[in-house]
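Here's what Swiss-Prot has on this protein:
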type: BINDING; residues: 8-15, Thr105, 127-131, Phe143, Ser230; note: ATP binding site
type: ACT_SITE; residues: Glu76; note: active site, proton acceptor
Amino acid sequence: MERTIGIDAGGTLTKIAYFNKKKLLTFEKFYSHEQHKIIDWIKNNNGIKQICITGGKSKLLQQLLTGSYKIIELSEFEATLAGVQFILKEEQHTINNFILTNIGTGTSIHYVYNEQYIRAGGTGVGGGTIMGLSKLLTNIDHFEDIIPLTKVGSRKELDITVGDIYGGILSPIDNNLTASNFGKAAITESNNSSSDILATVQGLVGEVVTALSLQFAETKNIEHIIYIGSTLCNNVQLQHIISSYTEYQNKTPIFLQDGGNSGAIGALLHATK
């Protein structure tokens, strides 16, 4: 293994990026609260001498690392943007101005102009919301278990759509748009399945994050919105919710292959440049 690794210690997940013996970019992922597993992995890879670390849990993780490593700190968004720029180049995208929406535990949104960036805002709604509400409503709290269920679940018995409100009357906007997330739960007596509840939770998160991103994009007249974050990893249903809503508003959504690892990639590149 190479001597340098990049770590993005997030609120829920900790991602590690490094170049393997074949010089291929490689990733590891741990739950951030399982810090003993992270430390064990680092210690078991004897060649590691330098660590560039970023993310909200970086200070806590540093306290557990011994003095045998050279530690470099990097601001979270500087690392994320460097990783995003790297992936954009690898995927042959030529986009200079875009909205960058990072769906982690919560969601942060930035304007990016070439290599300059300005924080637009954010929301506490994100991957942590999916996991928290899933735990409260279905007692399922592992993301790997949630995702398959969202694929088979239906939101029809829980969400109120525009069409539900207008009935057969011509509505001013698309009948399929959500008028109220979980609105039917208060007015019906249905026994909803876990898959339906989880699909509806994910719909709520996807629509809130997308609506906020679209508002910022419209304000600055920006066409492209890049959505990244571990919440999107292997989450086809959430990507579909986001892309459909984004395209409905005449904006272009982009999902990067390794977008959830952007922070770790940026940290690695910073230490190896």
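Cβ from N, Cα, C; glycine included.
Between Thr14 (ATP binding site) and Glu76 (active site, proton acceptor), the C-alpha separation comes to 13 Å. Between the candidate recorded positions, Asp8, Glu76, the densest Cβ environment within 10 Å is the one around Asp8. Ranking the binding-site residues Gly10, Gly128 by how many Cβ atoms sit within 10 Å of each one's Cβ puts Gly10 at the top. Taking every protein chain shown into account, Thr12, Thr14, Thr105 are the binding-site residues, and of these the Cβ with the most other Cβ atoms within 10 Å belongs to Thr14. Each residue contributes its Cα atom, and for Ile130 (ATP binding site) and the residue listed as 'active site, proton acceptor' those atoms are 22 Å apart. Taking Cα separation as the measure, the residue listed as 'active site, proton acceptor' is nearest to Gly10 of the binding-site residues Gly10, Thr12, Thr105. In this structure, Thr12 (ATP binding site) belongs to neither helix nor strand by DSSP; it is coil.
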